[in-house]
Amino acid sequence: MLRPSGRAANQLRDISITRHYTRHAEGSVLVCFGDTKVICTATVEEGVPRFLKGEGQGWVTAEYGMLPRSTGSRMGREAARGKQGGRTVEIQRLIGRSLRAAVDLTLLGEHSITIDCDVIQADGGTRTASITGACVALVDALRFMQRSKMIQTDPLRHLVASVSVGMYQGEAVLDLDYPEDSNADTDMNMVMTEQGGLIEIQGTAEQAPFSEDEFIQMFTLAKEGISELCEFQRQSLTD
């Protein structure tokens, strides 16, 4: 089976993580999974949501959006429609859950970190790229908090990354781009820690049910791919 991109079944797209991409945010990253490009910023603010006031712990949340021409044809801005779409809400909740799993919220004090993920070009895997890049932006925000004496102890538990896998033309493949994603029999997104701990699995049989053996094949590919992505994260954080 030849993938449209010519990649091997277990091969990630070209990955790059560029830190300090914008000027103002406490953490900012441009993350590229092939032709999918996302700007991720992390903003540190005093205070927490109402349900956490007085609890002595912090909060991490996320917002997600796509530029109108991040895709082949222009999409209307959700702000112009006056409401977010269901897909947007689902993805930003996933990003928030994934990043909260990366930190010990009790060590943040009553501070909030808001992650903004803005897709500037989409070619499949925007949510997985967002999570992977946002984790690096989050680490930079935590480092800022330590330098500024806002917190005393590093709250980072582990790096978190995400990748897509799927069944394409009867074979398990890693890191689907748009041509594969739109024609896959199964599409799955996995979020894991750098130690291989599972945070979330989202999987859907698009064309036909998938077997337990196929699931194991996809899981194995995802675990290996996320291990590679975490190495990209570590390398970027030492630059």
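Note: Cβ is positioned from N, Cα and C throughout, glycine not excepted.
As recorded in Swiss-Prot:
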- Arg87, Gly125, Thr126, Arg127: phosphate binding site (BINDING)
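Close to the recorded phosphate site, the chain also has Tyr64, Ile91, Val119, Ala122, Gly124, Thr128, Ala129, Ser130, Asn189: residues not among Arg87, Gly125, Thr126, Arg127 whose Cβ is within 8 Å of the site's Cβ mean position. With Arg87, Gly125, Thr126, Arg127 listed as the residues that bind phosphate, the site has a largest C-alpha separation of 13 Å.
Taking the Cβ of Arg87 (phosphate binding site) as reference, no residue of its chain lies under 8 Å away while being at least six apart in sequence. Neighbour list (Gly125 (phosphate binding site), Cβ cut-off 8 Å, at least 6 residues apart, same chain): Phe33, Thr36, Val163, Ser164, Asp175, Leu176, Asp177, Asp181. Using a 10 Å radius centred on the Cβ of Thr126 (phosphate binding site) and all shown protein chains, the other Cβ atoms total 23.
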